Amino acid sequence: MTGYEYVTPEQLAGFDKYKYSAVDSNPLSLYVMHPFWNTVVKVFPTWLAPNLITFSGFLLVVFNFLLMAYFDPDFYASAPGHKHVPDWVWIVVGILNFTAYTLDGVDGKQARRTNSSTPLGELFDHGLDSWSCVYFVVTVYSIFGRGSTGVSVFVLYLLLWVVLFSFILSHWEKYNTGILFLPWGYDLSQVTISFVYIVTAVVGVEAWYEPFLFNFLYRDLFTAMIIGCAVCVTLPMSFLNFYRSYKNSTLKHNSVYEVMVPFFSPCLLFILSTAWTLWSPSDILEIHPRIFYFMVGTAFANITCQLIVCQMSSTRCPALNWLLVPLFLVVMAVNLGVASYLESILLYTLTAAFTLAHIHYGVRVRKW
């Protein structure tokens, strides 16, 4: 694996011709966040590397994930009758989440400000964003958790996939149109959740037990907002952008196969991971939900990074990601009736392997 090159000569040549093209039409972003980021970026010295800003924001998201994993390892901390997460933790998580979001907004501005914009910087930024999805969603889960007042781990698993598919949809658009249409849901979710973290510290998790409207609980509002944003905003806008490119004859790919190939690996990952949860003899998702989410999110991030490399270099996206091979073998072993204690070992081993493989991928690509 150490001698394997992840970037082909064709892709390297494509990077040399790459021109960044993005459209941000979100009113919140345009009229509130961008003016704020334009002010914040002036605080940074010009010698500060944009990639360092990007990586710092990512580390804050990871820190939030680990902090909440310590205080809420099994997602029961917000349930009635359990020891709740301390109020100061919610404040820290809220502040750090908004700080990470701010750093993600100013890194590109710092790059343009210092004339250091590169395709590698964009790849680094969006690649870390793809991995941040799982950290962000799983950390948010602790607000409601599971139990009688929360949502089940399987429902959260499905909501995680709604977020993951919403994320990759933007890069599927760019793969086909050459333009990155920034999703509206991202800015709204980051600002809202940062605020909700702080509110949770003030009113306590018990406040979320009460109905929001009639018998409609806050957990139901949480679920409805994620699904509604994806179905009513992200998906229609994505298809509209694709249709406009089709009508203007600016699509980069003509065949249906080439258009849809970026979805092959994510869909197979969804099928395999879902099959594992359904066939699991030990109910693996109930026992190790945090590790299972992380395994899925890491594999997804690797798939997305490969798509980003292809879209930026104008090369063909691979139909299958090799990380799906060991996952397929594990799912088959589970289906054949592997012992319960071995299933947990397989999950931890696979998660470690995926994490090391993804880091290795990032380091090797970063060298180019």
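From the backbone N, Cα and C atoms, a Cβ is placed for every residue, glycine too.
Because TrEMBL annotations are produced automatically, they should be read as predictions rather than curated entries.
It should be emphasised that the depicted structure is a prediction, and the values quoted were computed from it without experimental measurement.
The feature transmembrane segment is assigned by TrEMBL to 47-68 (among others). Beyond its flanks by at least six residues, the transmembrane segment (47-68) meets 85, 89, 92-93, 96-97, 99-104, 106-108, 110-111, 114, 116-117, 121, 124-125, 128, 131-132, 135-136, 138-139, 142 of its own chain at Cβ-Cβ distances under 8 Å.
Residues or ranges marked as transmembrane segment in TrEMBL: 88-106 (among others).
Residues annotated as transmembrane segment in TrEMBL: 127-144 (among others).
The feature transmembrane segment is assigned by TrEMBL to 150-170 (among others).
Positions annotated as transmembrane segment by TrEMBL: 221-243 (among others).
According to TrEMBL, the transmembrane segment annotation covers 255-279 (among others).
Same-chain residues lying 6+ beyond the ends of the transmembrane segment (291-310) with a Cβ under 8 Å from its Cβ atoms: 6-7, 11, 123, 126-127, 130-131, 133-135, 137-138, 156-157, 160-161, 164, 167-168, 171-172, 175, 262, 265-266, 269, 273, 277, 284-285, 316-318, 321, 323-324, 327, 347-348, 350-351, 354-355, 357-358, 361-362, 365. For 291-310 (among others), the entry in TrEMBL reads transmembrane segment.
According to TrEMBL, the feature transmembrane segment maps to 322-339 (among others).
Taken from TrEMBL, the feature transmembrane segment covers 345-363 (among others).
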